[in-house]
Amino acid sequence: FARVWIPDPEEVWRSAELLRDYKPGDKTLLLRLEEGKDLEYRLDPKTKELPHLRNPDILVGENDLTALSYLHEPAVLHNLRVRFIDSKLIYTYCGIVLVAINPYEQLPIYGEDIINAYSGQNMGDMDPHIFAVAEEAYKQMARDERNQSIIVSGESGAGKTVSAKYAMRYFATVSGSASEANVEEKVLASNPIMESIGNAKTTRNDNSSRFGKYIEIGFDKRYRIIGANMRTYLLEKSRVVFQAEEERNYHIFYQLCASAKLPEFKMLRLGTADSFHYTKQGGSPVIEGVDDAKEMAHTRQACTLLGISESYQMGIFRILAGILHLGNVGFTFRDSDSCTIPPKHEPLSIFCDLMGVEYEEMCHWLCHRKLATATETYIKPISKLQATNARDALAKHIYAKLFNWIVDHVNQALHSAVKQHSFIGVLDIYGFETFEINSFEQFCINYANEKLQQQFNMHVFKLEQEEYMKEQIPWTLIDFYDNQPCINLIESKLGILDLLDEECKMPKGTDDTWAQKLYNTHLNKCALFEKPRLSNKAFIIQHFADKVEYQCEGFLEKNKDTVFEEQIQVLKSSKFKMLPELFQDDEKAISPTSAVSLGRTPLSRTPAKPTKGRPGQMAKEHKKTVGHQFRNSLHLLMETLNATTPHYVRCIKPNDFKFPFTFDEKRAVQQLRACGVLETIRISAAGFPSRWTYQEFFSRYRVLMKQKDVLGDRKQTCKKVLEKLILDKDKYQFGKTKIFFRAGQVAYLEKLRADKLRAACIRIQKTIRGWLLRKKYLRMQRAAVTVQRYVRGYQARCYAKFLRRTKAATVVQKYWRMYVVRRRYKMRRAATVVLQAYLRGYLARNRYHKMLREHKAIIIQKWVRGWLARTRYRRCLHAIIYLQCCFRRMMAKRELKKLKIEARSVERYKKLHIGMENKIMQLQRKVDEQNKDYKCLMEKLTSLEGTYNSETEKLRSDLERLQLSEEEAKVATGRVLSLQEELAKLQKDLEQTRSEKKSIEERADKYKQETEQLVSNLKEENTLLKQEKESLNHLIVEQAKEMTETMEKKLVEETKQLELDLNDERLRYQNLLNEFSRLEERYDDLREEMALVVTVPKPGHKRTDSTHSSNESEYTFSSEIADTEDIPSRTEELSEKRVPLDMSLFLKLQKRVTELEQEKQVMQDELDRKEEQVLRSKAKEEERPHIRGAELEYESLKRQELESENKKLKNELNELRKALSEKNAPEVTAPGAPAYRVLMEQLTSVSEELDVRKEEVLILRSQLVSQKEAIQPKDDKNTMTDSTILLEDVQKMKDKGEIAQAYIGLKETNRPSALDCHELNEDGELWLVYEGLKQANRLLESQLQSQKRSHENEAEALRGEIQSLKEENNRQQQLLAQNLQLPPEARIEASLQHEITRLTNENLDLMEQLEKQDKTVRKLKKQLKVFAKKIGELEVGQMENISPGQIIDEPIRPVNIPRKEKDFQGMLEYKKEDEQKLVKNLILELKPRGVAVNLIPGLPAYILFMCVRHADYLNDDQKVRSLLTSTINSIKKVLKKRGDDFETVSFWLSNTCRFLHCLKQYSGEEGFMKHNTSRQNEHCLTNFDLAEYRQVLSDLAIQIYQQLVRVLENILQPMIVSGMLEHETIQGVSGVKPTGLRKRTSSIADEGTYTLDSILRQLNSFHSVMCQHGMDPELIKQVVRQMFYIIGAVTLNNLLLRKDMCSWSKGMQIRYNVSQLEEWLRDKNLMNSGAKETLEPLIQAAQLLQVKKKTDDDAEAICSMCSALTTAQIVKVLNLYTPVNEFEERVSVSFIRTIQMRLRDRKDSPQLLMDAKHIFPVTFPFNPSSLALETIQIPASLGLSFISRV
């Protein structure tokens, strides 16, 4: 039966099911409600309208309300409720309107990832969102070049301001700004200011906007934000002086009171909010969860960002504080017509102080007013009530003026100097309002909404008409509600506003008289105007949304907005400068963008009270009422909106209690009626609301067609089928591309389709069930036969078992009887053996004891005799030793006396020689003599040592012999005594033993029994312990296994964590590198733009070659000599570097115009300054003689050498001080002491350095002489040689200024002027002679300087030797003194020890010197080879340049003619001037396709490396540096120029990696050389370590890789969604659901749409290109992994944002598509690349769409299965799951809650979407090449003929 909607007073609409068919004429319907209750529903007897039909469940929850087949109010309400409550979706389309329901909860759907997902998408292709509306507006602005408007409306608290804020954030993020000023941030920063002065707490909303605003966001021609402008409407001024219960004044007042204790606010004399009349009336000064002090800080920060200075901010706060104090001014009653202010009234005095006005004047005019007549003026006192109203009017007027002033300043801050090309306006304005008491404010608001609704209706009608005309469908005029009569009632002549203005002009006009005029004019004449029955002071207007009753009280007063002119004049005369500024705009012209505010009054920039002009003019201006101003501003707004393309956002408030995700049907219906959503539905339903393309219709309803109905033409097929299915032809129309259906027809077709599918399902079920039951029967039959067979076999086996057991029992009995008899025999035999054993043992023990006693007696005798002999020996030895000691003591005393005498003579000798150290020559002689004496002493010492050693050996042998004999004697005596004692003891023991023997024997038997018992017990315990031990061992083994497993797991987890950390660091570094390259490109673009904008003539400026970029200096590791003409360009770079470019600031504020202008100015100033410096330096250099170049060379070299020596000497001095400070004892100067070692190291290093310097001087001399001989006597050759010498010297200079000066001088020296050339003779002999003399002088001077330095070094070394010898002498003397005090034996040992240590140290020092000399020899040999090669080349060049005539004249000398080598060394030689040509042909103009197809992969990289090898072979660091820098910059330039071409980027990525691998492979490092052949190891670089350049190339490769990823992402992006989601790879699995006006992209593959095959073809193309270019396999895997990640992320993100894609059939399509991608990976052998793992989230999402989603077990399975998805993603997919067919079931809300509860402990990212822009960190594993360099041939097609193989 059909399901219907019936009205309900509580739920508005309730669902019910028909229990009986309806027949025409029935007055009641029998229904059953959803809760099971039966109901008899009576039809309306007048209208006889039937209840609304329900849509099929398949259509419930649609994104677009117009997609519903039955379009009516209950269907709309139910669809919104299902989406909001069940699916947690707050946005829904209703045709062209976006309905936004306030969730009262923060949702994660506004991040930058969501913005990126919606950017560039069609509005119908994604789920409804405010970003989709913003994208549509932005796209239409760019496409149609027409201004756009987004109209956001709704009740207070419905979320209008938030929606407008998100729309502006979208524009700011997507478009960016056209400058560095970050206008988008300023636009967003204006929100805190406007909210503080224009928002307040109401009963419905804690942050209610009490004004409307229209923000125009301006864009330039490239559609980037350049500025903004704000217009405001309907400011509620009355809130300043009055607030209802539970409401607040504007936030700014409470923020001021909360910040009153700040030092800068003390002058305002503020207190708490409860102390002011204007802030305490509502009784709710605090908002829960809001800190007003913090909000004040945010407001001030926003003011600063928008350029409102600190002084102006304090001025604003003064005026606001003055308004608060003005509210506290009280009046005292004098009589009925007058009042006074108490004297020295504190609130008024504070107000006057803050405002800078006179107290008496303000006090007077608050209680009086001026009346002007035709002849004179009167000053009249006013009553207390009038005075209070005048005070409040003044406060409102000041606040309104201040509000206007702030808006003007915000607009000034947002204004841009660049011309605006187009704009998008965002209108945030009240929706329709109706309260219990409605006054002038509600009247104006509803009037504005009437105008907006009329514009909305016209726009909707226009779109419908355009659609029908485009499809060429005959259409009739759709009847829609036209609210023009209501608008005429309000604004036409003699309308409500007209009568109100007329009554305001009347002298005694009142609200009552105005009401009577309204009744007389409109009552019973206009159907929309009514009079309440019980009131004569109110009227009712029938608005488009509802009837509203307005109370006339207060209309006139609010319309007049009376402010006394005298009070305004007092304020204008204020000393406070800012206050008169507020009233200056009274004199200005009205701007078309002027704002209107009303009491909720319109605030206008129109002059309220002009300060100048005639009195008549002033009076005329006063007659312009608030209603008139508001009407004018509303007309201007409508003109603006009509000139733009509107987009509508209707905000709905779901409940009045701000509960999250709670839906109140009554309140929602009220707002839907008021905001025009239902009117849109009604207009759509009146025509053909459902629209299908022919392809979509055919795909969806193919099941209703027979095979014969399917024709080749889809259009004809659809027509033929529809004629059969729907007989009434008025129910559908055929357009050009679509079929249009009337309401309800799609539901009918869906019913037919569902019935057909249900019948097919029943038939399939019938067949399958029969097949299953037959299969089950056959399986049971087979099982029965099998059971019978097994039972019979079991019985036979049981009988056989019985027979076997009977036989076995007989055998067991036989063996048991035999066992019993045999055991008895064994027991008897064992007892006999035991008795025999005990008897034999007793006899053997007795015999043993007897033998033992005899043996011990013999031992005792032996020890006693030995002891006696040793005693005698000890007495003799003691006497001999005593005699020896006495004699030796006497001899030692004599020797001591001699040593004392000698010591005294040494001290005297020292005193005599004090002061002799300063005489170097005498000291030298003394040192020689002492050395001779030392040698003699050493000879004597060696002879004495020999004799001493021989005597020592003899004495030692004698001593050992005597010691042995003494020990033997002692042992013998000891033994004798001990033996005697033991003998006595043994006798006593023998007697005791005999007595105890009997008792022991008695105890033995008893002990034996106890022992046996104990042994048995111990055996039992032992078995138990063994068992326990085994169990413990088993437990230990298990625990060890568990520990090892846990340790292994921990190790694996830690390893994974470390890998993740490493990847994160690598990713962070590569992201920084990417950001750096992006900023670098941006910086270059800005420089180019600046160069185009500002072109200043530069004297001597020369353009650099196009292959060089401005960032060359980043990859140049030492300074290079530039021509003086290139200095201005370098100064530009220097000035650019000096501009402070903070990275974080640059990332945040990267588009500010002000910084660009400052930078441009600084660069220009720096450029001018540098040019002046260069010109001055040129002038100075021209004045100096030409010889200055050589002097400069020499001076620079000299200074450099002196600086290095100075540093070295300082280091040595510090080391010496440190060594001396370690100890102060005399041992400091010992040979092993630290000071001694330091001095020895210094001596050896100085000598080594001296030798090296000598050899280098000799080599340089020979080289200079050979070059001098090889130079031809020509001007150009001479200059070239001179410059070559100078270049080698200048390269050593570190100071850039010194380099520049030296090079300028050299250039001036080498360049002969025209004047000098004319003065010389014709042959130029004098010039050659002069040059030769100059070269000779320079050479001689350098030789003299080197000799002088060598002599100075030698003298210094001799001084060091003398100092060391002096110290050695002192040390030797101290040692001698110490040795003399020792005894002879100790003296000899100490001297020997000292000598051994000294010789060891000297040996070590000599070994170190030998190693250093070996290194130096090897180094010098290499240099000698290089120099010899250079000299040979110069000689060959000299021979080539000699003419034949010269050869004939000169004598022929024998010359060795070398044989031409055929074996190449794998190097390429080119000239320095051909470098640019090399780079141009090999990089800039190279076509990757030709190289990839015809030549070996990586050929450019090999060629570049072979050139680098040759430069390294020549030891030319400048050439290496220049080539590498040019290469890097050229690759960058190529990629910048053709960076969107995949082939180009792939080609240079593979070549850069190959170049990097070559630098590693041939670097000479062992880690890289182990993969090389011996021939390849010979090709390693010999002179330069290019590790730093390897890092630069690695960074470049990372940048190229990231660019490659961006290129392939741009290529794949349009294909992914269409190919992976929308295209039906498996045809017929899923059908297209009905769609609304927001048409989605067709999921059927039309021509031009992408399929999965398109993606696979593109992947094949990428893979083949990378393979052709020779890219490393590991790198290809990383690229493929990145591609698959992009495919998976984009597909999953679109799936999460598209409700129509979340179905069972779509999950099957996705899994099939993923399997095709996996198959592609297998075909390419890329399964181990990690690409499949990146698709895991998409695979799990597809599985989630297909699994069961009912029970708790299903929830557990889902939680364990979806490990790669976050909780937010799982819940989102379940919420979006939508059945495509009726027999599918939706996911229940309880099941989703169960999933959330199970996943609440999972710690994952709250982010909903995957980061599709994420780039995995790339690595470049070392991949050596097996290609031999010497075999590489250079093809002629490359145009590198100027390069020669070496």
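Note that Cβ sites are derived from N, Cα and C of the backbone, with glycine treated the same way.
Averaged over the domain 'Myosin N-terminal SH3-like' (1-51), the predicted model has a pLDDT of 85. The domain 'Myosin N-terminal SH3-like' annotation in TrEMBL covers 1-51.
Residues annotated as domain 'Myosin motor' in TrEMBL: 60-754.
Within the same chain, residues at least six positions away from LYS160 (ATP binding site) with a Cβ under 8 Å of its Cβ are VAL152, SER153, GLY154, SER209, ASP428, ILE429, GLY431, CYS651. The annotation ATP binding site is assigned in TrEMBL to GLY154, GLU155, SER156, GLY157, ALA158, GLY159, LYS160, THR161.
The region 'Disordered' feature in TrEMBL is assigned to 597-622 (among others).
Sequence-distant neighbours of the region 'Actin-binding' (634-656) (same chain, 6+ residues past either end, Cβ-Cβ under 8 Å): 80, 84, 94, 96-104, 130, 133, 136-137, 140, 144, 146-155, 157-160, 163, 167, 204, 214, 231, 233, 425, 427, 431, 447-448, 451-452, 455-456, 459, 592-594, 596, 662-664, 667-668, 671-672, 675-677. The region 'Actin-binding' feature in TrEMBL is assigned to 634-656.
Residues annotated as coiled coil in TrEMBL: 906-1089 (among others).
The feature region 'Disordered' is assigned by TrEMBL to 1099-1135 (among others).
For 1107-1121, the entry in TrEMBL reads compositional bias 'Polar residues'.
Annotation comment: TrEMBL describes 1146-1226 (among others) as coiled coil.
According to TrEMBL, the feature coiled coil maps to 1330-1430 (among others).
Marked as domain 'Dilute' by TrEMBL: 1525-1801.
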SER156, THR161 as binding-site residues, winner by CB count within 10 A: THR161
ATP site shell beyond GLY154, GLU155, SER156, GLY157, ALA158, GLY159, LYS160, THR161, criterion: Cβ within 8 Å of Cβ centroid: ASN102, ASN205, SER208, SER209, GLY431, CYS651, LYS653
Count of other CB atoms lying within 10 Å of the CB belonging to GLY154 (ATP binding site): 27
Helix-strand-coil residue split for the region 'Actin-binding' (634-656), DSSP-based: 9 helix, 8 strand, 6 coil
CB contacts for GLY157 (ATP binding site) [other CB atoms within 10 A, all chains]: 22
Same chain, 6+ residues apart, C-beta under 8 Å of the C-beta of GLY159 (ATP binding site), given in sequence order: ALA100, ASN102, CYS651, LYS653
Set of same-chain residues at least 6 away whose C-beta sits under 8 angstroms from ALA158 (ATP binding site): ALA100, ASN102, GLY431, CYS651, ILE652, LYS653, GLN671
The domain 'Myosin N-terminal SH3-like' (1-51): DSSP-derived helix, strand, coil residue counts: 0 helix, 24 strand, 27 coil
For GLU155 (ATP binding site), the number of other Cβ atoms found within 10 Å of its own Cβ: 24
